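Colleague: Look at TrEMBL and you will find C:12-33, C:39-60, C:67-84, C:90-123, C:165-189, C:209-233, C:245-278, C:290-310 tagged as transmembrane segment.
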Amino acid sequence: MTLQVTGLRKSFGGVHALRGVDLTIASGEVHALLGHNGAGKSTLIKALGGAFTPDGGTIEVAGRSYSGLSPRQSIDAGIAIIFQHLSLVESLSVVDNVFLGQEHRRLGVVDRGSQRAAARALLDRLGATCRVDDRVGDLPMGQRQLVEIAKALSRDPVVLVLDEPTAALSSHEIGALERTVRALQEQGLAICYVTHLLGEVERLADRMTVLRDGQVHVSTSLEGRTRRDIIEAIAEPPTDLPPRGPVHEADPPQLQVSGLSGPGIGPIDLSVRPGEIVGLYGLIGSGRTRTLEMLFGRRPRDGVVTVGGRRVTRATPRAALAAGLALVPGDRAGQGLFSSLSALDNALLPAQGVLSAFGLRRRRAEQQAFERLAEALAVHPSTPEAPARSFSGGNQQKLLLGRWVNGILPTTVLLLDEPTQGVDVRARHEIYRVVRTIASERRTAVVFASTDPEEIVALADRALVMQEGRVVGELAGAALDEDALLHAVHQSESDLQEHLS
Amino acid sequence: SAPASTKSSGDKVAKSSTDVDTVAWDYPFTFLPVYAGVAKFAKARAKEKGVALEQTNDNGRPDVQASNLDTLIAKKVPAIVSFPMVFEALEAQAAKALSAGIIWVTYGGTLQNQSASITFSFEEGGRKLGEDAAAWAQESLGGKGKVAFLVDDTIQLGRERTAGMIDAFTKAAPGMEVVGREQAIDPDTALTKTKAILAKHPDVNVVLGITDGAAFGGYKALVEAGRAEDDAETYVGGQDGDLGSLELIRKGTFYRASAALQLRDIGNAVIDVPLAVADGRSDAEASADVPIALVKPGDALLDEIIAQYG
Amino acid sequence: MNASVTPRRLARYPLIPVIIAMAIGFELATGSFVGSQNLLGIATDSATLAIVAVPSALLVISGYLDLSVGSTYALGAVAAGWLASEHGGGLVGCVLLALLAGLAVGAVNGFLCCVVGLSPFIVTLGTLTAVRGLAQQLAPLPLTSFGDGFAWLGGAKVAGLPSPVVIAVLVVLVAGAVLALTPVGRHIYAIGVSREAAYLSGVRVRTVPFALFLATGACAALAGAIKASVLGAVQSGTAGTGFELAVLTAVLVGGVALTGGSGTLFGVVLGVAFLGILQNGLTLVGVPTFWQQVAQGLALVVAAGLAYLSPRLEALTAVRPAAPPRPVPVT
Amino acid sequence: MNASVTPRRLARYPLIPVIIAMAIGFELATGSFVGSQNLLGIATDSATLAIVAVPSALLVISGYLDLSVGSTYALGAVAAGWLASEHGGGLVGCVLLALLAGLAVGAVNGFLCCVVGLSPFIVTLGTLTAVRGLAQQLAPLPLTSFGDGFAWLGGAKVAGLPSPVVIAVLVVLVAGAVLALTPVGRHIYAIGVSREAAYLSGVRVRTVPFALFLATGACAALAGAIKASVLGAVQSGTAGTGFELAVLTAVLVGGVALTGGSGTLFGVVLGVAFLGILQNGLTLVGVPTFWQQVAQGLALVVAAGLAYLSPRLEALTAVRPAAPPRPVPVT
Ligand SMILES: Nc1ncnc2c1ncn2[C@@H]1O[C@H](COP(=O)(O)OP(=O)(O)OP(=O)(O)O)[C@@H](O)[C@H]1O
Ligand SMILES: Nc1ncnc2c1ncn2[C@@H]1O[C@H](COP(=O)(O)OP(=O)(O)OP(=O)(O)O)[C@@H](O)[C@H]1O
Ligand SMILES: [Mg+2]
Ligand SMILES: [Mg+2]
């Protein structure tokens, strides 16, 4: 056994993140580590990487047993980890990041030549297009993720752990990553793979271990298992989504965009009716985020944006909000959440002004609004004073949704960027349900961007395919399925298959 | 416990010097070397007289000084000797102290409310130095040459010294060209500023400092610029009577004079004046005026002050 | 504010036991610490610090910083003192002129830091230097002989309390109300936690800190004017020197993080009290000058240690969060 | 380092044109700015600032901060001066004693900030106060009359250059080599950007900043000893007062971000030069004291403005990044 974790325990204050977890991964095996948000997957992985010392249990790597590891011990033992929240240093170059802490030295001095060559080789193998001297902070998320993977591989590991490595990757890059994982598996590495995307589990994994609330719920071979089996192991099976609301052709468009353009974007024309859900699909870097941000006034723009028949002249978030537009940004940590503020503050910050009387906040009204919202969106825990950072990813996302759809603010057009990134299968389903309900009951027009074709198909009434900042195709009704979406952005089906196999 | 403390204050009012067991000396410029010099003698005198000497830490801030005095008054120390950063600002504290039965001795000047004072004229020190330098310039340079002043415009005593020094010099040596007037009280700053002045006027003849520290820095700058240590056409002078400066004067360098405070006399006065007040002396009888003497090479006083540093 | 002393509150504000310990220690050592005259003296002396530390704390919570307060204090003192001594200005005129001067400095800082977006540290270090020069240029000589009107500002008693204390209490109450009761209070925290997220939520991320710069400038100048009135004299070269560090120390020791987004006004008031009591106690005990400095330095280190311990103690005393719902197992 | 002046380099270091403009302006105004004596004088005076600003900059890049340098400077001066004047200490002894004193302060700061994890701002503000008190306690009276051995430290000429300048150049070169060539240099940046990421990468996130605290302490004390040797005197109460702010100003004006993770030593050297030239020029021109302060304050604001413009200018002069690979369209 290359990696054997026995009885691992860890608690943070009163939260028991791990309650005696066992995990065994043999060399040459791809082992999927699954579980709902907050199940303890990342905690387990951080213990392997030496981010903290476990409260109890042992970690055995390549025959040696540890009760706790420092990062250096972990690296020396041959564990390489791709952390969920990237452990890259933004202001350093790609090559400096890849070799951070493990620099090639000659006479005590960094051997740049050798590092650059090695980094180039690794990046090529992963299909990364960035250059070794690029600042990591300037790279799009997908490339950063590949740098992170290159960094892990540069250490010649015996155990490779990937914590949601594909959350920010496009299907093209996912294909390259999956091929790399296969190759490493054949070289005899023990691979632990964490993901919420079950397609990846089916394609890659040999075995799976499912955590629930810090305990192992199931550990089994994947031989002969169906997707439904996997979902049921992770959480209770989701109920069906509410039906799509009707979209009336007669309604005047709620959001009307013409000639929207900016650096590298557009011109884009777009019209969304009340109650309609439009998905923006494209590869990473195709300009979906920038389009949404321009609509919301976060970036300067040219062109005409009309909401409910009235033109939004100033390109600022305040003007957009006043007009009824709202954006749930894709970068939850950087642009959305106030991590140290309470759940109530996070959900109601812009509504507090509306709820207040004579310039003073009305606590009772806020409490009630929060209770209503927590119930409608099934936010858990529903404690208003808990800091947002103590919520799981899915619940954080619900707080951000609730910031705009709480019945207090006049949101008529909801813009969502990657609304379920890093969210577990159940919470994802709940978010779909919430978005559907908002659209059908409140007649809100919704535009969302996603990299996951499954998500577009599940949620959108109509999909726009984006490429290089423009809309290059439109799919709706029966024509909207995953194959068609993939087809629209990739050269051909066979090309895609080649990527995936 | 408030009434108790009022009662004890009644007991504490000094009827004679034997009732004064503590003298609180409040000196705001604790970063100046003069402070340590006076403190040394005051401590020795306090020991001699069997009283405790307490000191404050005002950090050169008038509001902190006022706070600390409030504290001393609340504590009912029997005697306070205070050097006001701004004299008018402490009238209230002085009055409060007096009405609490505390002996208040003003240091470095006088207040309306006080038991007595210890004075030494800052203006006079500056004037003596200015006059001496001017006389030297008339004699050695024929009244023609360049002078730079290292001054202090930030605090009252600095401004008085500055005014005395510059007025006396320019009046007595009107032919001298003033090529610099820079803020500097410590050697470090003075070195930098004098060097800059020398870059433009390499032939500066006279550098007068608001403190001996400043003049010392000016002296160093001249030496660094290649001036011989005993150059006949150069005059540097300062104020306070710091040991390093006095030694340069004794050595016969162009550091020619210092308006020296008599540290021992002042230090003794810090203890003696409040004790005299306690023994019933009036303001006029108890107060001490310590003259500032300009010390120059060959003066007996020069050796005496150097010896005081021990 | 709930005033009961719970373990959780003690963990959150570890300065409380420290202040109590200091008070007991100084009382035992000197017998004259506890006493209305001494305590009122501490309060009066600390009032100006509190008046400036409070708006400064809001500024730090919102992620900014104002170092120029030491010189704005001097400018306010000079402005009020000049009007009072040279033109016989009365209470209202002097206070208004000081506030105007403070608002002007605040507006410059606010414009450069919030609107243009320059580094608050460097900008306000710059205005600290420049405004000091200006104040000295305006009033090179000490200003004295103020009329009775202006003397009232610092010398009056309201309900038995000295007016500086009353003003400080008002400042604390107003700022506390803004922070706790108004939406802007939440915006101040939100901007400090994540300016970007606040911007995207429609918060006025320029206006709010700009207003706090104005408030800080105005309060600093007011504090200067109050002290000028108390002392009856102003010296532009020394008034408020080093005050900016005292203010920042009170704010940080009071548990406000320099990185923004966290801290409470109650903590800041404790920080001010801590510094005031320390200064008073050291003088009371009669610690020699240089050792007082050493002690003050060590006290800061201790305060840093407390700030470090506080969240750890809080975690220990935390109410256990409810366990997350367990999904019903299927298999 | 490539010394050619490209538009990109100018955009990155906007202090270069400013310094050139200042030099031309001061030369035109006084006719005595450019001249080997004056320039060498500026270099000598700025040398001590550079010696401390360089390790301080590394500390700030790694996300920490040392405010205690002003007092460590005094302690170093007192230690060396005491040995030289009271015990006839020679060059080596004096320098070693000063370094030892500086290392001791650095070790205390480093232990509290890096190992225990207290706030560097409060801790080093505390040691700033405490160490000043210690230095004054150790040497209340000025120290003078040093022997020739110790005088050599500040007064010698090496290859025609004054020894302080030579030492400063050595410090810059060593620190520059560490930063640019060694793994530790990368680690310093990495810790400053993300201590967590660096830790997980196996970087010694305690040892490296601890070593930088030691280096800063040692360099501050060495700078104090050098200045003591140059002056031939030490005043413990005034030596290095306000030096911590001068150092921080040089570091920040030189383009190092207070948030850590960015900045270059070349920028810091420019920052030191900027301050030195400004001080020298204002004195040369004979600007009155108070206006000098105003000008220095404004210069800081201008420097903040330049730091703000720099990345924007850089973006304009940037070599266009290669276009991302175009996916071949299907439809
Ligand atoms: N540093 C921490 N302090 C306090 N609680 C923590 C900390 N890290 C994790 N937790 C808690 O531990 C539990 C497990 O979190 P963990 O990040 O391991 O979940 P996960 O399975 O990786 O979830 P996800 O799929 O959302 O990434 C959660 O309840 C989380 O809130
Ligand atoms: N062609 C371009 N012109 C200008 N900026 C670009 C261009 N391509 C990428 N960028 C920059 O890349 C960053 C965003 O890249 P990212 O790939 O994360 O989002 P996006 O381009 O909106 O694509 P998507 O959200 O569809 O993945 C922006 O900061 C943008 O400035
Ligand atoms: Mg996770
Ligand atoms: Mg995107």
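Using the three backbone atoms N, Cα and C, a Cβ is placed for every residue, glycine included.
TrEMBL does not curate its annotations; it predicts them automatically.
A description of the local structural setting of each listed feature is requested, covering burial, neighbours and distances.
Modeller: Taking Cβ pairs closer than 8 Å, the transmembrane segment (C:39-60) reaches residues 66, 69, 73, 161-162, 164-165, 167-168, 171-172, 175, 178-179, 188, 192, 209, 212-213, 215-216, 218-220, 222-224, 226-227, 230, 243, 246-248, 250-252, 254, 256-258, 260, 263, 265, 268-269, 271-273, 275-277, 279-280 in its own chain, all 6 or more past its ends.
Tertiary neighbourhood of the transmembrane segment (C:67-84): same-chain residues 48, 52, 56, 93-95, 97-102, 105-106, 109, 121, 124-125, 127-132, 134-135, 138-139, 143, 146-147, 149-150, 153, 216-217, 220-225, 227-229, 233-234, 236, 239-245, 247-248, selected by CB-CB distance under 8 Å and a gap of 6+ residues from either end.
Residues 64-68, 71-72, 75-81, 83-84, 131, 146-147, 149-150, 152-153, 206-207, 209-222, 224-225, 229 of the same chain sit 6 or more residues outside the transmembrane segment (C:90-123) yet have a Cβ under 8 Å from a Cβ within it.
Counting same-chain residues at least six beyond the ends of the transmembrane segment (C:209-233), those with a Cβ under 8 angstroms from any Cβ of the stretch are 44, 47-49, 51-52, 54-56, 58-59, 62-64, 66, 68-70, 72-81, 84, 94-95, 98-99, 101-107, 109-111, 113-115, 142-144, 146, 150-155, 163-164, 167, 171, 188, 191, 239-240, 243.
When Cβ-Cβ distances below 8 Å are used as the criterion, the transmembrane segment (C:245-278) is approached by residues 1, 13, 15-16, 18-19, 22-23, 26, 42-43, 45-46, 49-50, 52-54, 56-57, 60-65, 67, 69-70, 172, 175-176, 179, 189, 191-194, 295-296, 299-300, 303-304, 307, 310 of the same chain, each at least six residues removed from its ends.
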Colleague: Which residues, given as numbers and ranges, are at least 6 beyond the ends of the transmembrane segment (C:290-310) yet have a Cβ under 8 Å from it?
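Modeller: 11-15, 18, 249, 252-253, 255, 271, 274, 278-279, 282-283.
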Colleague: In the same chain, which residue numbers or ranges, 6 or more beyond the ends of the transmembrane segment (C:165-189), come under 8 angstroms Cβ to Cβ?
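Modeller: For the transmembrane segment (C:165-189), the nonlocal Cβ contacts are 1, 40, 43-44, 46-48, 50-51, 54-55, 57-58, 61-62, 158-159, 198, 203-204, 208, 212, 219, 222, 226, 261-262, 265, 269.
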